[in-house]
Amino acid sequence: MIPNDVRITPELIAEHGLKPDEYQRILDLIGREPTLTELGIFSAMWNEHCSYKSSKKWLRTLPTTGPRVICGPGENAGVVDIGDGQAIIFKMESHNHPSYIEPHEGAATGVGGILRDVFTMGARPVAALNALRFGAPDHPRTRHIVSGVVAGIGGYGNSFGVPTIGGEVNFDPSYNGNCLVNAFAAGLADADKIFYSEAKGVGLPIVYLGSKTGRDGIHGATMASAEFGENSEEKRPTVQIGDPFSEKLLLEACLELMASGAVIAIQDMGAAGLTCSAVEMGAKGDLGVELDLDKVPCREDGMTAYEMMLSESQERMLMVLDPAKEKEAEAIFVKWGLDFAIIGKTTDDLRFRIKRHGQVMADLPIKDLGDQAPEYDRPWIAPVKPEPLDPSSVPAPNNIGEILVRMLGLPDMCSRRWVWEQYDHLIQGNTAIGPGGDAAVIRVERGPKGLAFTLDVTPRYCAADPREGGKQAVAECWRNLTAVGAEPLAITDNLNFGNPEKPDIMGQFVGCIEGIGDACRALDFPVVSGNVSLYNETNGKGILPTPAIGAVGLLDNFEERVTIAFKAEGEAIVLIGETKGHLGQSIYLRDIAGKTDDRSAPPPVDLAVERRNGDFVRAEIRAGRTTAVHDISDGGILVALAEMAMAGGIGASVKPETALPLHAWAFGEDQARYLVTMPENEAKAFIARAEKAGIPATRLGTTGGNELTLNGGVPISLAGIKAAHEGWLPAYMAAGAEL
């Protein structure tokens, strides 16, 4: 008989995030009342964060295979073949709730967790990126959260030794009570030496590796599956504490152990800690698992079985080991100064059995913990399709130059230098394009190849039209990779939404998934990994739908990359793609015209046009016929032009030939467009090649000087533009330091 001295009450069930019908399902599965430890295990395995019970139905509709895909969703990270016997392993994951409660530690451990997902599979991490969403700048907590999150990411990544080379930062009132911290990591491995979490073999030792177990992070996964209320500050003890130096030791020890041939299966201890890692390893291999918690290294006295099973202490791994190499494995971990303990074994009875002080504290059917988790087909309401906005209905500014300067200094448009200068983006010595461009690029050691990385989503588009917003997030990633000369390979998604029990929120989720799927199929851009973060609500108010997309591309030769910077004076500037002046959901409409409650349609995404235009631009880059390339997104043509000018320190003169209102031409956010420069004597041939391919190509102007001039009007000094662009974020953060 399993001892159970805690009465399981409806209140206790609710505290564990379980619904009454879910608890009844537990009773039906095990035929008795669970112990407290067993209740905690079910709570961890059946919460939204671990089971994907609200999203699984829709995630299955995404395309996940392709000629280069070695491993798609279901493992710690996705694996994609990059040729020459090498693979890139990558994933993006959220750490939203912890980062709001304790910004520094929440963000730091988000980085640590995603790095473990990558090196658990045998890869050495080579790049990190992050997508950050904060509340309104005038909200009293925003500065504190920005400061803590950025310091946490920088402190962990810099100490661990991985370059943080790109990302996104946005501000919006919908994130006032729920910031988003989405961390991306990628690593390189030999394609034939990938390590998986599926346990194989009966009676094999299960080994605990890494840091000791403490009480930090207990119920972290459960917290990530619920919305916040007034008392969210009280959840601080559920935030994990990270140590990047221990993680670096764990990385080196794991890679050395993998090279020894001792590892049969490996899983990092992330959400739900020892519970989730042990269950996943056993269930995937159709094996049972027996653990003796007396053998788990602990850093705190008197820990109960419940606490040990649900702790989310960081920098820990679980491994199934070849018994013949047990001593060799232990020697490696002793060498690196890390805890190594055999805490259990695999069994053939498909039970998940936990012992503490000689007593059985849990004895559950291991497959049911995952396979029998509830799966919901939640009701959803399709959003009303918004109407396109007539650009002539949007007021024109008196002075376009002044508006450009204003736009470049907006919180959502200003330089992120204050953020990325706190990250070491050059460590490892392989960064070819760092933060500030369309995509970051690193050199791949052992050859000429390069890898490109980008993160993108436009939440205001997703709120207005989820399907178009989902398509646009993928398409912009595809454009950003293309703009540096990379072949887009695959994506990872990080789907951040509000409460899925609300049909309108579930409708947003479904629409975005449909749009992501549309784009991935049309662009041959499979989804190989991802994460879902739901219940991003505070006091019933949800965030904007934010399906962040991380993408990876391949350059055959990293020397062929291009950047957004103008390279020389006197070069031709050519616009690729059609401009229709779409101002619906634009930065201009929201922040300049003041239409913050705009209900118009975002710019539509024509995926066939995206592919055609992008393939042409990439071919021109690879042929060496371009000197600078920039995709056009937030803010439109004029903002993209200013960004190219600032990056190169060279001005430009442009004369658009358009029947559109000038502000719609300048600030419209039509998709599938690029600005491209080339030597003057090659411009006619470039345009002729584009026209032959059926692609709109328009000569806009010429680079030169230290000003931007539109239609021969009053020139705008680059110095003034740059001051506005670079000034807002440092001034905003400095103002907080003075308070």
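Using N, Cα and C of the backbone, Cβ positions are placed for all residues, glycine too.
Residues annotated as active site in Swiss-Prot: H49. Annotated active site, proton acceptor per Swiss-Prot: H95, in sequence order. Annotated ATP binding site per Swiss-Prot: Y52, K91, D493, G530, in sequence order. The Mg(2+) 1 binding site feature in Swiss-Prot is assigned to E93, N531; the stated evidence is sequence analysis. Under the heading substrate binding site, Swiss-Prot lists S94, H95, N96, H97, R116, Q240, E312, S313, Q314, S533, citing sequence analysis as support. Sequence annotations record features per position, and here Swiss-Prot assigns Mg(2+) 2 binding site to D117, D268 based on sequence analysis.
Proximity to the residue listed as 'active site', defined by a C-alpha to C-alpha distance within 10 angstroms, is shown by the following binding-site residues from N96, D117, Q314, N531: N531. N96 (substrate binding site) sits 15 Å from G530 (ATP binding site), taking the Cα positions as reference. Under a cutoff of 8 A between CB atoms, and with a sequence separation of 6+ in the same chain, the neighbours of K91 (ATP binding site) are N76, A77, G78, I114, D117, V118, F184, A185, T492, S529, G530, N531. According to DSSP, N96 (substrate binding site) sits within a helical segment.
Reduced to three states, the DSSP call for the residue listed as 'active site' is helix. Comparing Cα positions, D268 (Mg(2+) 2 binding site) lies closest to R116 out of the recorded positions Y52, H95, R116, Q314. Rounded to the nearest whole angstrom, the C-alpha distance between S94 (substrate binding site) and D493 (ATP binding site) is 10.
Mapped onto three states, the DSSP output places N531 (Mg(2+) 1 binding site) in strand. Among the recorded positions listed (Y52, E93, H95, D493), H95 has its Cα nearest to the Cα of Q314 (substrate binding site).
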